[in-house]
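Features of the protein shown, as given by TrEMBL:
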- 50-167: domain 'Response regulatory' (DOMAIN)
- Asp102: 4-aspartylphosphate (MOD_RES)
Amino acid sequence: MRRVLPGHRLQVEQPAYKDEETPAVKRIDWWLRPVAQAPPDAESACMPLTAILVEDSRTIRDNLIPALEELAGVRVVATAETAQAAIDALALHASWQLAIVDLFLKEGSGLTVIRACQGRSRDKHLIVLTNYPSPEMRRRCLALGADAVFDKSTELDAFFERCLGYQGR
């Protein structure tokens, strides 16, 4: 697994696509290449973050999970497609460090999941990753306690950088 430690510069590359996939799926296929590789002993010192992924699209889950592991050192320990399943997963895996939440789910809303996490400890982070990050929705998510809101179609590079930033905290 390639691992880039916080503080290292990243070079982002995007492959060319000719098909008509959704922009979110296209951008998840990005990869990050370190400009300066961390020494091998530093890599082993980084333990992967444990995450709960709340996303109802199977295609996005299937692409995002390996990308999170490869690019950001994040290990997804549970997934959920509905708000209630997400709340249950967060309670079951109480040692989670990162929750990645979509807003529009099969049942319920990601806003409900954010509300359920309002009393979380400071070492637990919550990021919203959505296709609908209007200014009003961003404000609502941040007001409810999300650490950040990213657009799946245009802000994946910033999303992965943010996940990398949580390493070693």
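Glycine too: its Cβ is placed from the backbone N, Cα and C atoms.
For Asp102 (4-aspartylphosphate), the Cβ neighbour count at a 10 Å cut-off comes to 25, with all displayed protein chains included. Residues in the domain 'Response regulatory' (50-167) partition by DSSP class (helix H, G, I; strand E, B; coil) as 52 helix, 30 strand, 36 coil.
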